[in-house]
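Engineer: Dumping the structure here so I can ask a few things about it.
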Ligand SMILES: Nc1ncnc2c1ncn2[C@@H]1O[C@H](COP(=O)(O)OP(=O)(O)O)[C@@H](O)[C@H]1O
Ligand SMILES: CC(=O)N[C@@H](CCC(=O)OP(=O)(O)O)C(=O)O
């Protein structure tokens, strides 16, 4: 249905129903992590950009953190470099790190910035290296295969975890009505770059900004059990059990861990939602429709 053929009465009712949510979230910060797997179709990316601009227009401060795993994978493939993951983290040698910086800091970051600006917003794209705002250290990964009696610590190269985040730059931009769009690349005291999983950056940034919400947009309906049912309101112990029995694996591991950490660190709620649904962000913020998995500290 085109916008001109919608019943005007329905349009104003929908707007009116959004009022309590606008009042509740106005002036608050919402960190939205846009996963590379959710950036599938142009129309979806466009609706994402419009959702972010609408949030800003009604007084919410959106901060976008983006991924780009599949986009990194496709350039690596063209360069005949193999993609390998351990516990959902990309094994990153120096050559791969160069590709990660090019794809995340360049291609993906600037395309999101461009789309938000095309929708009437004022987006600024940064990596964690700008202003050295994301300090990183090397992430040591614990790995245990079934035949091993104890886990081993393995070195997966230039993969980082967040050591600290300075929010000055982001707060300065948000105060001037810019929309910060952050690529998950960190830097250590010696100027070395680190590839950080975007979920981890989004979670830590939500904590550092004292955000109201953390929204993780991905390519599934939410965190699911082995029957494919979406789970919601889980406790840390329930999540640990789902990890131990293999129900949660791969890219969902950092996602669920960072969501739990964020709510423990003071973020009011974290949501794992389906970025393949048009207007997923607005559906979550401005309606009662339960999209995806909700994580709160009470869960
Ligand atoms: N229990 C689970 N419920 C839903 N998805 C899961 C689960 N365990 C693992 N996954 C995987 O996690 C993926 C999402 O993580 P990832 O591929 O890193 O997405 P993104 O690019 O959005 O961060 C899903 O596509 C799915 O294959
Ligand atoms: C260490 C690590 O795995 N970094 C990720 C960074 C991008 C990312 O997180 O992208 P998605 O959100 O689309 O998965 C990677 O290299 O793929």
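Just so it is clear, glycine is given a Cβ too, placed from its N, Cα and C backbone atoms.
Found this in TrEMBL, in case it helps:
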DOMAIN    28-274  domain 'Aspartate/glutamate/uridylate kinase'
SITE      33  site 'Transition state stabilizer'
BINDING   68, 69, 90, 195  substrate binding site
SITE      255  site 'Transition state stabilizer'
Engineer: Would you count the other CB atoms within 10 A of the CB of residue 69 (substrate binding site), including those on all shown protein chains?
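Structural biologist: A 10 Å sphere around the Cβ of residue 69 (substrate binding site) contains 21 other Cβ atoms.
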Engineer: Among the recorded positions 33, 90, 255, which residue has its Cβ surrounded by the fewest other Cβ atoms within 10 Å?
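Structural biologist: It is 90 that, of the recorded positions 33, 90, 255, has the fewest other Cβ atoms within 10 Å.
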Engineer: Please report the Cα separation of residue 33 (site 'Transition state stabilizer') and residue 68 (substrate binding site) in Å, rounded to an integer.
Structural biologist: 11
Engineer: Where ligand 2 binds, which of the recorded positions 33, 69, 90, 195 are close by, with Cβ under 6 Å?
Structural biologist: 69, 90, 195
Engineer: Using a Cβ cut-off of under 6 Å to any atom of ligand 1, determine which of the binding-site residues 68, 69, 90 qualify.
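Structural biologist: What lies within reach of ligand 1, judged by Cβ under 6 Å, is 69.
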Engineer: If you count Cβ atoms within 10 Å of the Cβ of residue 195 (substrate binding site), leaving out that atom itself, what do you get?
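Structural biologist: That number is 26.
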Engineer: If you take the centroid of the Cβ atoms of 68, 69, 90, 195, the listed substrate site, which other residues of that chain have their Cβ within 8 Å of it?
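Structural biologist: The surrounding set, listed in chain order, is 36, 67, 72, 73, 92, 100, 103, 104, 184, 197, 198.
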Engineer: Would you count the other C-beta atoms found within 10 angstroms of the C-beta of residue 68 (substrate binding site) for me?
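Structural biologist: Around residue 68 (substrate binding site), other Cβ atoms within 10 Å: 26.
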Engineer: Using Cα coordinates, what distance in whole Å links residue 255 (site 'Transition state stabilizer') and residue 69 (substrate binding site)?
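Structural biologist: It is 14 Å, counting Cα to Cα.
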Engineer: Measure between the Cα atoms of every pair in 68, 69, 90, 195, the residues the record assigns to substrate, and report the largest value in Å, rounded to a whole number.
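Structural biologist: In whole numbers, the farthest two Cα atoms are 12 Å apart.
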